[in-house]
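**Student:** Can you keep this structure in mind? I'll have questions shortly.
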Amino acid sequence: MLVSYNKIGKGYIMLSTYISMLIALLIFIVLFINSFDAISQVGLKLFTLEWNPSKNEYGILSMLYGTLSVTVIALTIAIPLGIGTAIFTSEILPSAYRIYVKSIIELLAGIPSIIYGLIGIAFFSTWIASFFELASGRTILTAGILLSIMILPTIVTLSDDAINNVPKKYREAAKGLGLYPFEVIKNTVLPIAKKDITGAILLALGRALGETMAVMLLIGSIDKIPTPFYNVLSPGQTITSKLGREIGESAFGSLHFSALNTMGFVLMLLVIILTLITQLYLRKSNRLYE
Amino acid sequence: MRNILFLSALILLFNACSKPNTKTITVAGSTTVLPVVSTAAEQYKKAHPDTRIIVNAGGSGVGVNQVGSQKIEIGMISRAITSQEIDQYPDTSFQTHSIGKDAVVPVVSSEIFDSGVTSLSLEQIAKIYRGEISNWKELNGPDKDILVIDKEKSRGTRHVFMKIVMGDKEADAPGADLVLGSNNEEQTAVVQSDAAIGMLSNAWLNEDVKGISIIMPDGEVIEPSLNNIINGSFPITRNLLLVTNGDPVGGARKFIDFILSKEGQDIVTQNGYVSIVQ
């Protein structure tokens with residue numbers, strides 16, 4: 001009886017793993033097949049600035065630029081803020097309060113992105129517009145800041161777990177050597193937790209790259225790279241916002257549809273490459289404990 | 001045991017919810033036509049409780065595509081179907097039903113309107129969208145950069161507007177600062193700015209979003225009033241259309257007939273559009 005249960009259990013968990021893997025693979029394959037038309041017909045012209053379906057021009061550079069710049073802004077704000085918060089909740093805050101502070105921050109993760117978008121469009125973008133004296137608050141910076149708030153809970157929660165998982169004995173050994181609490185955190189706890197914290201950042205990065213609704217409402221949706229290119233106070237377009245706005249009106253099977261799929265494919269490649277680079281980098285820095 | 005009881009209660013509840021004989025009509029497309037159809041759907045459902053009507057937005061492009069790929073019964077469009085769209089769906093024979101008339105009105109932020117810019121010629125508007133005029137000063141307004149709001153390329157409002165203003169329904173607008181989608185998204189952006197110009201369906205104008213008059217080549221100034229839309233003197237007008245695949249049958253036919261009836265046409269007028277019987 002027990003043996004058969006074991007087998008069912010094992011089969012079940014194996015099946016779930018295979019299904020998840022298969023889904024990821026299928027999405028990748030479907031995206032590739034659908035983007036094939038655009039890749040073969042548009043070719044290298046995909047990496048130009050002009051996007052105009054009625055003239056068969058499909059340049060994705062401005063969308064790529066938008067996605068990268070929004071993500072960089074979001075991470076620049078969210079990483080220091082998130083890791084700082086995580087150090088505070090796990091190392092300094094008495095553990096009785098930790099759970100409350102953490103749940104409040106995790107609440108941010110539960111808010112649907114359309115709500116962020118609405119608040120962003122109704123209030124946040126108008127503040128940005130009056131603060132920087134802009135004609136419109138729908139800018140790359142606005143989307144980036146809002147995105148940083150959306151990915152903050154991912155970084156805080158997972159980094160907090162990472163820091164909390166560092167075995168006590170290391171802290172005690174460090175304290176025993178006479179280090180100040182600041183030095184214990186900086187020289188002992190953080191280096192050990194580094195790998196898991198990077199994992200947290202990677203997950204947040206994935207969300208930042210893929211977030212659609214809030215970004216779409218806030219970024220201004222114009223297929224242009226601002227001049228000069230670092231002027232993030234101008235509107236732009238991300239891959240996701242472009243997909244969100246245009247996938248419904250492109251006919252299934254058309255070159256337009258295929259070009260949109262290519263953008264999705266590029267986005268997925270981006271995530272995969274970033275994940276691989278981080279994995280390779282982390283493999284070198286071996287874990288201290290175990 | 002309690003779980004099983006709970007489950008069966010749940011299943012019973014779901015069964016009770018789905019009536020066996022409900023017919024569903026799905027509608028999607030233009031946000032210009034949307035207010036008319038969704039009000040009509042509510043009233044139609046009162047008289048026909050066994051019919052469910054699901055109305056979604058998305059824009060004219062979405063309306064045509066979804067009828068073309070036969071995902072919905074009725075598409076809402078506020079422009080003509082393009083020849084490319086007809087070529088894309090050889091299996092679909094699009095049939096349009098005119099349910100009302102509307103005007104696309106160039107709109108400006110109330111600050112600009114109040115400062116005295118209340119009328120522009122089509123050529124001036126075209127120059128703004130081409131990026132040749134970029135400050136309100138050049139149009140006798142305040143010294144402020146113009147925030148030029150464009151719309152997504154497949155939107156019906158844009159097709160109609162660009163056809164008349166720039167001569168090509170899919171004209172590029174290199175002067176544009178923002179590209180938005182639905183009428184209410186555009187409306188919000190114009191309200192939030194104090195120096196914006198955009199294009200809106202006549203029914204979406206209000207206190208904060210002022211429609212400007214058009215200066216005709218002969219110097220006559222034409223206001224975007226209902227009268228001028230009815231008598232055809234306002235230059236940017238269009239038909240509000242429903243599109244089906246072939247002759248509509250059953251529920252879809254009855255629903256379209258309802259919109260064309262006196263009661264349905266009253267809804268068209270209440271929403272700020274012009275009835276086709278006028």
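One is the number of the first residue shown, and numbering goes on along the chain from there.
Any Cβ shown, glycine's included, is placed from N, Cα and C.
Because TrEMBL annotations are produced automatically, they should be read as predictions rather than curated entries.
Pulled the feature table from TrEMBL, pasting it below:
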DOMAIN    A:64-278  domain 'ABC transmembrane type-1'
TRANSMEM  A:12-33  transmembrane segment
TRANSMEM  A:58-83  transmembrane segment
TRANSMEM  A:104-128  transmembrane segment
TRANSMEM  A:140-159  transmembrane segment
TRANSMEM  A:200-222  transmembrane segment
TRANSMEM  A:262-282  transmembrane segment
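Would you situate these features in the structure and describe their surroundings?
**Tutor:** Sequence-distant contacts of the transmembrane segment (A:12-33) (same chain, at least 6 residues past either end, Cβ-Cβ under 8 Å): 261, 264-265, 268.
Counting residues 6+ beyond its ends, the transmembrane segment (A:58-83) has Cβ neighbours under 8 Å at 38, 42, 45-51, 140-141, 143-145, 147-152, 154-156, 159, 197, 200-201, 204-205, 208-209, 215, 219, 223-225, 229, 232, 236-242, 255-256, 259, 262-263, 266-267, 270 in the same chain.
Proximity of distant same-chain residues to the transmembrane segment (A:140-159), defined by a Cβ-Cβ separation under 8 Å and at least 6 residues beyond the stretch ends, is recorded for 66, 69-79, 81-83, 85-86, 89, 102, 105-109, 113, 116-117, 120, 124-125, 128, 193, 196-197, 199-201, 203-205, 207-208, 211, 214-215, 218-219, 226, 232-236, 238.
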